[in-house]
Amino acid sequence: MTAVITDPPDTTASTTRRELMTGVLQRQGAAIALVLVVAVAWFSFPRFGSLDNLRDLALQSSFLAVIALGMTFVIITGGIDLSVGSVYALGGVLAAYGSQYGFLVALALPLAVCGLIGFVNGVLVARTKMAPFIVTLASLLFARGLLLAITDEGSNTYRVPADSAFIELGRGTIGGFGYPVFIAAVLCVIGGIVLRRTRFGQSVFATGGAEQSALLMGLPVARTKITVYTMSGVLSGLAGALTAAYLQSGVTVIGVGTELDAISVVVIGGTLLTGGAGTVLGTVIGVGLRNVIQNIINQIGTLDSNYQSVVSGAFLLVVVILQRSLARTKPRR
Amino acid sequence: MSATTLAPAGFDRARAARWLQEYGVYVAVVALLLFNVFFTANFLTLGNFRTQLVQAAPVCIVALGMALVIGTEGVDLSVGAVMALAASFIPLYLGAGPIPAILIALVVGLVAGTFNGFLVAHLGIQPIVATLALLVGGRGLALVIAEGQLVQLHDKTFLELGDGDLAGIPISVWIAGLLSVVMALLVGRTTFGRRLVAIGGNRTASGLAGLPVKSVLVGVYAICGLLAAVAGVLATARLGASDPADIGLLMELSAITAVVVGGTALTGGRVRIVGTVFGVILMQLVRATLIKHNLPDSTAQMVQAAIIIIAVYVARERSTR
């Protein structure tokens with residue numbers, strides 16, 4: 001099972017210390033970086049460790065974590081989903097629109113529509129063998145177009161009625177931490193278990209690792225792909241709904257470039273874009289790392305907020321180069 | 001497999017698909033032109049053609065570079081960010097005159113492209129991730145350089161690039177046309193072009209055959225960066241201001257769309273320069289047609305999505321390798 005994730009463990013005796021170290025770095029690199037960054041921030045900025053800041057950090061991370069969870073599954077199958085940013089925004093608008101008809105509609109409408117978009121992505125990728133990159137690029141445009149169509153070309157922002165129970169979903173707290181944090185945490189735990197401990201999770205790995213072999217073994221490759229893209233759509237829609245509940249309105253301009261954020265945190269978390277390897281925990285760490293760095297840049301205050309993307313880009317690069325040079329032992333495809 | 005089982009009818013279908021793949025984009029452009037001639041008011045005016053061409057020029061220049069990259073089985077997501085980077089350097093050096101400013105901007109693009117190429121060719125990083133890093137970081141860097149500001153430009157000679165004419169045709173259109181010809185020659189008539197296509201077709205075999213795979217790849221990404229910088233300079237001149245926050249936003253998507261619609265498969269091994277130029281024109285015409293018939297932006301985007309899917313679906317039928 002784990003052989004898919006790491007190199008064949010047939011060298012138990014001859015494993016050198018160096019190989020062990022590179023293995024640790026490769027798998028735990030992001031975690032080590034996160035610990036270092038948090039430690040630095042904790043001692044340098046007194047406000048970083050404050051409960052308020054941590055709550056804020058967790059809340060900000062929760063929306064991206066939900067999106068990145070779906071993206072992790074998609075990338076492990078060897079695909080990519082560029083539509084998540086648009087679908088996220090669409091989900092928010094649909095939730096805000098639906099909230100006037102009650103809590104259930106506010107939640108069900110975005111999940112259904114966004115899930116349908118994901119399903120269509122999956123069918124196109126799995127059944128017609130079109131490149132995931134292009135299919136989801138098209139649905140990026142489509143979802144954004146649909147969003148504009150239902151908001152009078154972006155001029156109409158639906159507001160969640162002030163007395164709606166739906167607001168509680170985004171604003172309610174347990175011990176100071178917002179509901180979205182707990183929702184994201186529960187989903188990630190479930191996602192991690194599904195990925196590692198279920199038949200479906202194994203066929204996700206197999207599909208991304210060696211599609212031909214997976215097919216020959218009789219695994220439901222097409223169904224697996226359709227499922228992961230549908231999941232990605234549903235989760236992006238859910239993230240949008242949570243955001244709408246938190247902001248109490250369906251903001252039309254969010255989500256531009258979110259797909260890139262999601263992809264970079266997944267990659268930083270150690271999931272290979274070539275597919276076949278990755279963990280949910282890594283993705284969560286990737287999300288944490290991204291937002292802690294952003295938080296630090298905000299704490300410094302004098303620093304131009306544009307440094308955020310510079311740092312993110314540089315960081316992504318370092319991680320990928322490290323992954324690449326550490327994985328040299330693996331034969332190229 | 002399925003073609004053989006489907007017997008004669010299947011054969012015809014495959015041939016039709018191949019024909020559509022080869023000439024579909026030209027047919028679509030002609031059809032759309034005819035539609036507009038008959039059903040759109042004020043379509044056959046010089047002013048309209050001028051506007052359409054000026055709007056298409058930067059996309060066309062970027063798409064040319066993208067076509068080369070896609071021909072090597074890669075993709076360059078950073079083109080929009082490179083445009084912004086190039087644009088952000090222009091006001092810094094415009095004091096020394098327009099030529100140095102433009103040269104610096106082009107060098108920035110070249111360096112950015114070479115950097116991408118180095119990551120892809122020498123470090124073996126997947127093109128999507130390698131160029132994603134620059135997409136994420138590049139625009140931020142451009143904004144840092146410009147201190148987050150839009151900078152108005154007043155140099156007359158430089159602005160001439162944006163709204164000047166040469167023999168009645170806008171300068172930017174001249175540049176786009178010229179570059180298209182140069183790229184067509186580069187792909188069709190030079191060793192570099194042959195090597196590029198060979199590498200896109202089968203990288204391992206090309207390497208075994210002794211082709212300088214790495215330097216060709218670096219060259220391709222460098223050209224793509226350079227062309228993006230050219231587009232950045234032209235877009236800046238047209239706007240009359242350096243605006244790193246907005247310039248080239250989502251350009252990577254427009255360029256990839258144009259290339260794909262133009263019939264270049266994402267699997268590499270083939271570069272269609274003329275097809276790409278027509279792909280740009282087609283997407284521009286679609287947008288213009290929708291706008292002129294008062295269809296809102298939302299519909300325009302959904303129609304674009306449908307066109308991309310159809311184009312790729314048709315292209316897919318051909319891939320029998």
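Backbone N, Cα and C define each Cβ position, glycine as well.
Feature annotation from TrEMBL assigns transmembrane segment to B:23-46 (among others). Outside the transmembrane segment (B:23-46) by six or more residues, the chain places 261-263, 275, 278-279, 281-282, 285-286, 288-289, 292-293, 311, 314 with a CB less than 8 A from a CB of the stretch.
The annotation transmembrane segment is assigned in TrEMBL to B:52-70 (among others).
Feature annotation from TrEMBL assigns transmembrane segment to B:128-146 (among others).
Marked as transmembrane segment by TrEMBL: B:166-187 (among others).
With a threshold of 8 Å between CB atoms, the same-chain residues lying at least 6 positions outside the transmembrane segment (B:208-235) that come near it are 57-59, 61-62, 64-66, 68-69, 71-72, 74, 76, 78-80, 82-87, 90, 102, 105-106, 108-118, 120-122, 161-162, 172, 175, 179, 192, 195-196, 198-199, 247-248, 251. Among the features that TrEMBL reports, transmembrane segment is placed at B:208-235 (among others).
Residues or ranges marked as transmembrane segment by TrEMBL: B:247-266 (among others).
For the transmembrane segment (B:273-292), the residues of the chain that approach it from at least six positions outside its boundaries are 25-26, 28-29, 32-33, 35-36, 40-41, 43, 52, 55-56, 59-60, 63-64, 66-67, 180, 183-184, 187-188, 254, 257-264, 299-300, 303-304, 307, judged by C-beta separation under 8 angstroms. If you look up TrEMBL, you'll see B:273-292 (among others) marked as transmembrane segment.
Per TrEMBL, transmembrane segment is recorded for B:298-315 (among others). Among residues of the same chain six or more beyond the transmembrane segment (B:298-315), those with a C-beta under 8 A of the stretch's C-beta atoms are 17, 20-21, 24-25, 257, 260-261, 263, 265-266, 282-283, 286-287, 290-291.
Sequence-distant neighbours of the transmembrane segment (B:52-70) (same chain, 6+ residues past either end, Cβ-Cβ under 8 Å): 76, 79, 83, 113, 127, 169-170, 172-173, 175-176, 179-180, 183, 187, 196, 220-221, 223-228, 230-232, 234-235, 238, 248, 251-252, 254-256, 258-260, 262, 264, 266, 268, 271-273, 276-277, 279-281, 283-285, 288. Away from its own ends, the transmembrane segment (B:247-266) comes close to residues 21-22, 24-25, 58-60, 62-63, 65-67, 70-71, 73, 75-84, 87, 135, 228, 231-232, 235-236, 239, 272, 275-280, 282-283, 304, 307-308, 311-312, 315, 318-319 of its chain (Cβ-Cβ under 8 Å, at least six residues beyond either end).
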